[in-house]
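> Feature list, courtesy of TrEMBL:
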REPEAT    11-105  repeat 'Solcar'
REPEAT    114-204  repeat 'Solcar'
REPEAT    240-325  repeat 'Solcar'
Amino acid sequence: MVGLKPPDVPPTAAMKFVSAGMAGCIADLCTFPLDTAKVRLQIQGEVRIPRTISSVEYRGVLGTLSTMVRTEGARSLYSGLAAGLQRQMSFASIRIGLYDSVKQLYTPKGAENTGMAARLLAGCTTGAVAVACAQPTDVVKVRFQASGALSDSARRYSGTVDAYRTIAREEGIRGLWRGTLPNIARNAIINCGELVTYDLLKDALLRAQLMTGEHGAGGRGQVPSLTPQHPTRCSSPPLDNVPCHFVAAFGAGFCATVVASPVDVVKTRYMNSSPGQYRNALSCLLALLMQDGPAGLYKGFVPSFLRLGSWNGVMFVSYEQLQRAVALARPALA
């Protein structure tokens, strides 16, 4: 990302790829209950779920989490975690770890600055490729998170491996890629709202020399920036530290939540649907609008923001520090 200053040389694409996957897993471990609460709130009130007096109703983030713990046990908060970690190792590695490399491909040779168009194209590209590779893990994760609301006899899968096998057997290989198009749309939007916003916010904080000090986390004094976008900062650049990373990441999480929540709701419902319930993602969207109106597109917004904002904070801080740790260790390992 903008302003990265490893000790001697910039991290390689492979280092960024591995660091992004590891950082994504760390962030998932910290924020997974919020993601589960978001899924429960998004599917609540779906037509196929019987709405009886005795059915469990979720109200708000804390209410959803406490209801799940009371009725299903604390383990339900991490239902689908295995698939979630599998997803991050492939998904975050591609969409985040390869963002800088793809951004450079879209930047004209000799350009001093990376333009907005190049950033947006890079975000869309890595997001789409990541979805194409990691979609089966996302389908299984969503179904496990949603299945906790069902009784034990009604649950469809006994484990992660069984879920992959059952979906492939009953719904075909295409079942593992259910909801790919809305997920591509969602992640193209999220990547643009998340990575590009993080890139721009971090750049602005560094340019304005805000949130800097004599000793940034992971830094060892003033190190010249090796990124080609800002040659004017090379003589004495501000430090690129943890507070800068966190503020930029939290702001990126808010922007991403605002623009991506409608697509996220449709994606969640479509992935969790039974075969034949919806003809396609558009019919799922129309059914949602007819039942809940436009407000239904922002079901689960608060847990979505809490999850995405906190996920971004943990992920980007971990990502930046992991890159630096690998860069510091590389000379010793050579």
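Each residue's number is its place along the chain shown, starting with 1.
Placed from the backbone N, Cα and C atoms, the Cβ positions cover glycine too.
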> Which residue counts does DSSP give the repeat 'Solcar' (114-204) for helix, strand and coil?
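Counts, helix then strand then coil: 76 helix, 0 strand, 15 coil.
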> Please list the DSSP helix, strand and coil residue counts for the repeat 'Solcar' (11-105).
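Helix (H, G, I), strand (E, B), coil: 71 helix, 0 strand, 24 coil.
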> Give the residue counts of the repeat 'Solcar' (240-325) per reduced DSSP state, in the order helix, strand, coil.
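Split by secondary structure, the repeat 'Solcar' (240-325) comes out as 73 helix, 0 strand, 13 coil.
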